[in-house]
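In what follows, a structure is listed as structure tokens, so that the remarks can point back to it.
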């Protein structure tokens, strides 16, 4: 059975209260594609690795898509009304401004594909840690990986330059 059209602006207004930290992400449809609305602000330090492309449409406000491009970190600003198609296998870290709202479309993963979360040293851009996993639920599969990385001082310490990657405030008491 066909799903009726969704009035995107009305959906955002009805669910705006859910588009805030710490999650800020709601899946609105999933059938071949994962269609999400994401609200800001956020302060992600991880990079997401997806074997498929991702499509970004900035509805309100601005965001910066940090990417790892051939070993170099760079920023791609995406403003309200702009779209951007991220090619497959490009590590990226969406940085959303307060009050911003974006639509993100990803294709569902193929059975053999895995998602990844990566962290890079903010001083020298050396890869600190990478976790690959089969993605089953985009809203619940990431937090355990975040916890594992941020709770480990060893994983957050750069083997190249010795810099310690900062952990979000909620992990501040954890230095094991």
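Each Cβ is built from the backbone N, Cα and C atoms, and glycine gets one as well.
What you see is a predicted model, and the numbers here were worked out from it, not measured in a lab.
Residue environment of residue 44 (O2 binding site) contains 16 other Cβ atoms, counted within 10 Å of its Cβ in all protein chains. For 44, the entry in Swiss-Prot reads O2 binding site.
The Cβ of residue 48 (Fe cation 1 binding site) lies under 8 Å from the Cβ of 91, 92, 93, 94, 115, 116, 117, 118, each of which sits 6+ residues away along the same chain. Taken from Swiss-Prot, the feature Fe cation 1 binding site covers 48, 54, 92.
Residues or ranges marked as substrate binding site by Swiss-Prot on the basis of sequence analysis: 54, 96, 106. Cβ-based neighbour count (10 Å, all protein chains) for residue 96 (substrate binding site) stands at 25. Following the DSSP three-state reduction, the secondary structure of residue 96 (substrate binding site) is strand.
Per Swiss-Prot, the feature Fe cation 2 binding site maps to 121, 124, 158, 161; the stated evidence is sequence analysis. Classification of residue 161 (Fe cation 2 binding site) by DSSP places it in coil, neither helical nor stranded. Listed in sequence order, the residues of the same chain lying 6 or more apart from residue 161 (Fe cation 2 binding site) and placing their CB within less than 8 Å of its CB are 121, 123, 124, 126.
Here the Cα atom of residue 96 (substrate binding site) is found 26 Å from that of residue 158 (Fe cation 2 binding site).
Cβ atoms within 8 Å of the centroid of the Cβ atoms of 121, 124, 158, 161 (the Fe cation 2 site) belong to the same-chain residues 122, 123, 125, 126, 128, 159, 160, 162, 163, site residues excluded. The binding-site residues shown are 44, 54, 106; of these, the one with its CA atom nearest the CA of residue 158 (Fe cation 2 binding site) is 44. Sequence-ordered, the extra residues of this chain that approach the Fe cation 1 site, with Cβ no more than 8 Å from the Cβ center of 48, 54, 92, are 47, 49, 50, 65, 86, 90, 91, 93, 94, 106.
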